[in-house]
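A.B. asks: Per Swiss-Prot, the features are:
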BINDING   Asp54, Asp56, Asp58, Asn60, Glu65  Ca(2+) binding site
COMPBIAS  351-363  compositional bias 'Polar residues'
DOMAIN    9-99  domain 'EH 1'
DOMAIN    41-76  domain 'EF-hand 1'
DOMAIN    138-226  domain 'EH 2'
DOMAIN    170-205  domain 'EF-hand 2'
REGION    343-363  region 'Disordered'
Amino acid sequence: MAPRIEPQEIETYWNIFSTRTNGGQFLTGEMAAPVLKNSGLRDDQLERVWDLADVDNDGNLDFEEFCVAMRVIFDLLNGEYADVPKVLPDWLVPESKSHLVSANKAIRGQEPKMERVEDEEEEEGLKDGFDWYMSPEDKSRYEAVYREGRDMRGEINFEALSDLYNSLDVPDTDVRSAWNLINPNASQTINKDACLAFLHILNYRHEGYRIPRTVPASLRASFERNQIDYQVDNQAAKSRWATKADDETSTGRKAKFGDQYLTRLGRSGFTSKGTDFTTTKNSDAEWEEVRLKKQLQELEDKLARIEQGVEARKGGKRDSKPALVKRELEQLLDYKRKELRDLEEGKGKSRTGSNLKSVSEDLQTVREQVEGLESHLRSRQEVLEQLRREIEEEKISR
């Protein structure tokens, strides 16, 4: 199963992001610096993480890019990477920015070439004349099928439509041929535009037309930027889909494409599997917890190596230095474990913030009391001055 950002992580990242941006949509380098530097990574590593996450190169991080940066940092701290990766893994690329990543790869000459489907032996009884144009009715039907099989990232895999394949008059080899045609990179999932093209090919094959062997250049480009021009070369010619089907023909007697599948499926069968960037929680202790766990793992590894070394000295003179080091490491390990427990239970240092808040509230109360007393003192002094003036005036009048 491919890795992904879990909803709990997204919730934590969202609270950090929303707190730093005060409800804004972008995080500047100045805003992000305190959070990122708390990870303990070197500045040069953080710079590379920033460049990696800033997919659109606008100098800021939106929420999806911030999630990418945080996940890369956590993976570095947890030992998933020895150093900052040079490119983002495919599963970590935000859906909304996949076209930018593809464009950057194309500029660097890393874009996989579109494969041409090999010519196969022509099947008897199939017709030529495949048309890439989609009528509004067909497009609507394709979108309904897509909605029932997509995951939360808006992508769809081959097996998600297995029930549809069973309802069609299309051989399995042709189904896979159509899939390979619109998925030349052999990805596990495809986006909406590629899915609609895939369903369109299956529709034509279901109606007795041969599967095309190539995809027009305009459609290939559209797949990469997630925008598809369904009317290739802006041709306005009438499509055969604009005319009413003849129910007397063998093709017309077939069930309309996807009708059986959609009727049988129902919308209640939809389950989400992808990363959802809409859920939201916050914890400044995340970095500390990760660091403590990493230190614990390092200490346990050191202890294991020392114990192996001691065991290797069978019958030899026991060196007191490894034993002393082992005791010190065990004590440090116990201390770190206690710190981690206190952190998880909200005890010890983790309560410093709440104590400071209580002291701050007490100080504010004292300030208010002092201000009240000073105000009362001023009013009494004014009364005293008034009495003194009246006494002086009385003396003068006598």
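Note: Cβ is positioned from N, Cα and C throughout, glycine not excepted.
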A.B. asks: With an 8 Å cut-off on Cβ distance to the Asp54, Asp56, Asp58, Asn60, Glu65 Cβ center, who else from the chain surrounds the Ca(2+) site?
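C.D. replies: Close Cβ neighbours, site residues excluded: Phe26, Ala53, Val55, Asn57, Gly59, Leu61, Asp62.
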A.B. asks: When a 10 Å sphere is centred on the Cβ of Asp56 (Ca(2+) binding site), how many other Cβ atoms does it contain?
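C.D. replies: Result for Asp56 (Ca(2+) binding site): 13 neighbouring Cβ atoms inside 10 Å.
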A.B. asks: So for Asn60 (Ca(2+) binding site), how many other CB atoms are inside 10 Å of its CB?
C.D. replies: 18
A.B. asks: Using DSSP, break the domain 'EF-hand 1' (41-76) down into helix, strand and coil residues and give each count.
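C.D. replies: Tallied per class, the domain 'EF-hand 1' (41-76) gives 25 helix, 1 strand, 10 coil.
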A.B. asks: Applying a 10 Å Cβ distance cut-off over all chains shown, what neighbour count does Asp54 (Ca(2+) binding site) have?
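C.D. replies: For Asp54 (Ca(2+) binding site), the 10 Å Cβ neighbour count is 18.
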A.B. asks: Per DSSP, how many helix, strand and coil residues does the domain 'EF-hand 2' (170-205) have?
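C.D. replies: The breakdown for the domain 'EF-hand 2' (170-205) reads 25 helix, 2 strand, 9 coil.
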A.B. asks: Looking at the binding-site residues Asp58, Glu65, which sits with the largest number of other Cβ atoms within 10 Å of its Cβ?
C.D. replies: Glu65
A.B. asks: On average, what pLDDT score does this prediction assign to the domain 'EF-hand 1' (41-76)?
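C.D. replies: Mean model confidence (pLDDT) across the domain 'EF-hand 1' (41-76) is 87.
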